[in-house]
Amino acid sequence: MNPTRTPSNRSQSVSDDDAVRATNDDAATAKLSAVNLGYWSDPFISLFVKRTDKKIPLIHRGYYARVTAVHSILKQFMAVTTETFKQVVVLGAGFDTSYWLLKLAEQRIRWYEVDFEAVVMRKAAAIHRQTPLKTGLRVSEDEPDAPYVYKNDGQQVHTNRYHLISGDLRQWDQLKAKLAGCDFDPSLPTLVLSECVLIYLPPENAAEIIRWAGSLPQSIFVNYEQILPNDAFGVTMVSNLELRQCALLGIQAVPDLEAQRQRFLSNGFAHAHALDMIEVYSAVVQGAERTRIERIERFDEMEEWDIMLRHYCFSWAVTSQPSAFADIVLRPSSR
């Protein structure tokens, strides 16, 4: 990234990248722990991670709200673009299972996942090894782009609809070229998803990616990340992550909900929304589903829950076309 970097700084950068990559394992393990308790159903996450360290109830509920919010927007995007092919680009995808869980091989969609090479190689190996993952990539035989294509060289995976690509988000021009080489079509409706990814980038790199997405004529950007770095909890949160060599390089540039909204509006999007995760939980977990979730585990951490969730933000932004994108909002879970 920086040609003047000294050898010691280069070593530090590699170490920091390794630490950020390790957050994928943390997330996958937490999801598996929540799934094992019945917060939501995901038969695929255990195919990527075997460690089953049980997390605390606060973590389980937090991940449930996050996964439910992401899937709420994804499902609405699919619903309003049924008449055409559409695209999803997952940045820092890690062991995300949405493509399999939502049975998207049955949809008219091109799905792109991007992550560091080391993470992509592990995911490619799991897909090759696990029959449910490999068969879950297959499109229907009557689809117009048959015959089915499956390529997995251990470093990337490509089918007619699914592309697992390695790259560094700080080198966005290179990744754009890789997307183009996998039939990415800028004219198609496109959703870009980033979960705790942009926050680890320098602000200028994050803005470059958002600006690219905002330049697409029909796009939605969904982002989840930390906010409020300057109060007591936020200072501790940032410090703890720095000790793990996971510096939140972008958090001071977008420290609150309004700054999150303005970043989208300043980079090509027509409408933008930003909620803290307390608001998200209230929006997506209601009625009988809320009763079910809150009966799974005894929960006495309400003050800590409130503080922690106010330091995480779920935001989404849409372009002016199609007009149906403006109606996409968080909706209660129907699990």
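Cβ coordinates are placed from backbone N, Cα and C, and glycine is handled just like the others.
According to TrEMBL, the S-adenosyl-L-methionine binding site annotation covers ARG66, GLY92, ASP168, LEU169, GLU195. The compositional bias 'Polar residues' feature in TrEMBL is assigned to 1-14. TrEMBL lists 1-20 with the feature region 'Disordered'.
DSSP gives ARG66 (S-adenosyl-L-methionine binding site) a helix state. Taking every pair among ARG66, GLY92, ASP168, LEU169, GLU195, the residues listed as contacting S-adenosyl-L-methionine, the largest Cα to Cα separation comes to 24 Å. According to DSSP, LEU169 (S-adenosyl-L-methionine binding site) is assigned to coil rather than to any helix or strand. Around the Cβ of LEU169 (S-adenosyl-L-methionine binding site), 21 further Cβ atoms fall within 10 Å across all displayed protein chains. When secondary structure is read from DSSP and collapsed to three states, GLU195 (S-adenosyl-L-methionine binding site) falls in the strand class.
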